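Take a look at the structure below.
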Amino acid sequence: MSAEQAGVRHFLTDLDLAPEELQQVLRLAEFVKQDPYALRPLRGPQTAAVFFDKTSTRTRFSFAAGITALGGAPLVVNPGEAQLGHKESIADTARVLDRMVSLIIWRTYAQTGLEEMAEFSGVPVINALSDDYHPCQLLADLLTVQEHLGATAGRSMAYLGDAANNMANSYLLAGVNAGMDVRIAGPAGYLPAQEIVDAARERAQQTGGRVTVTTDPAEALRDADVVATDTWISMGQEEEKEHRLQLFGDYRVDAAAMRQASDSAIVLHCLPAYRGVEIAAEVIDGPQSVVWDEAENRLHAQKALMIWLLTESGLADESTAAQVGSILGDRES
Ligand code: CP
Ligand code: NVA
């Protein structure tokens, strides 16, 4: 297959799913959570390549377990183990891999690397976290919001902390894609790039979502239904640790912050978490925290995503395509 391969769907940013497509993935996620082994588009077993240029626990295990449950075999490649990025171009890697594997999943640094992989791959490429986005995490987060609050549309979500990182970008984009009122708060200089905010506002016009970007944590938190945060020191920023620990102190999710949110607010954190830094132990370990459900939902949401991408790309077997059509109820089966 080649770059000209038409119709292959990839998931590189949160906006790669149209709003109605995001809802389909979330519906499939609910289904696979109830019936984990009913859909097996990777049976054979077919292989899925899972590359890590950065460390991981949740993403590694949820993809490995999810690929296995879909009937396939994960091949997990750790940092530095492949020629990719060192001795061989991304394009050449893609040209070889798509003759052998059914999916390419990649945690890396630059978003442009993922774009190049997708350009040259005839199988779906999935962003398992880049410097700019963590869209798989947001599928799990939205599923968690839906489970705990009944819906995503119309619910408000405050994100506090490093508002220029991959999680902030993904909360903004995926949140509005699901029709949420998203409030992002961080210090000046650490807010989402203007192009991300513009893209979020444009998508919000289609979904009824709302966008607020502010330096005032109180503005973001006011009666929020969801309160989210993330580490202040993302992978690759370790040398800035001391500086960053000083920067974000006003944006900590602690009991005082939670008093400003809705009494029934839920708390999200993608994990790993640093108690006493970006989030107080009493919050992450308290009754409003749903972070363990959120972590589990990585498995269900990514299984749904893989099934959906294979089906939409015309790469799923007939029986899987028919099952997906029947679950979503809006396709011919
Ligand atoms: N949330 C998340 O992606 O966790 P890992 O870095 O452990 O994969
Ligand atoms: N912003 C964090 C997310 C970790 C899952 C990082 O990139 O390290």
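Quick reminder: no glycine exception, Cβ is built from N, Cα and C everywhere.
Taken straight from TrEMBL:
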- SER56, THR57, ARG58, THR59, GLN83, ARG107, HIS134, PRO135, CYS136, GLN137, CYS270, LEU271, ARG298: carbamoyl phosphate binding site (BINDING)
- ASN166, ASP230, SER234, MET235: L-ornithine binding site (BINDING)
- 9-147: domain 'Aspartate/ornithine carbamoyltransferase carbamoyl-P binding' (DOMAIN)
- 154-309: domain 'Aspartate/ornithine carbamoyltransferase Asp/Orn-binding' (DOMAIN)
Top Cα neighbour of ASN166 (L-ornithine binding site) in the set of binding-site residues ARG58, HIS134, CYS136, ARG298: HIS134
Max pairwise CA distance, angstrom, over record-listed L-ornithine binders ASN166, ASP230, SER234, MET235: 12
The domain 'Aspartate/ornithine carbamoyltransferase carbamoyl-P binding' (9-147): DSSP-derived helix, strand, coil residue counts: 62 helix, 22 strand, 55 coil
Binding-site residues listed as SER56, GLN83, ASN166, least Cβ neighbours within 10 Å: GLN83
By Cα-Cα distance, the member of binding-site residues ASP230, SER234, MET235 nearest GLN83 (carbamoyl phosphate binding site): MET235
Averaged pLDDT score, the domain 'Aspartate/ornithine carbamoyltransferase carbamoyl-P binding' (9-147): 97
Other CB atoms within 10 A, centred on HIS134 (carbamoyl phosphate binding site): 28
Spatial neighbour of SER56 (carbamoyl phosphate binding site) that is closest, considering only the binding-site residues ASP230, SER234, MET235 and their CA atoms: MET235
Among SER56, THR57, ARG58, THR59, GLN83, ARG107, HIS134, PRO135, CYS136, GLN137, CYS270, LEU271, ARG298, the record's carbamoyl phosphate binders - longest CA distance, Å: 30
Contacting binding-site residues, sequence order - SER56, ARG58, GLN83, ASN166, CYS270, ARG298 vs ligand 1, Cβ under 6 Å: SER56, ARG58, CYS270
Binding-site residues compared (CYS136, MET235, CYS270) - the one with the fewest other Cβ atoms within 10 Å: MET235
Length of the line joining the Cα atoms of MET235 (L-ornithine binding site) and HIS134 (carbamoyl phosphate binding site), in Å: 12
ASP230 (L-ornithine binding site) and CYS136 (carbamoyl phosphate binding site), Cα-Cα, nearest whole angstrom: 15
Proximal but sequence-remote residues of the same chain as SER234 (L-ornithine binding site) (Cβ under 8 Å, at least 6 apart): ASP131, ASP162, ASN165, ASN166
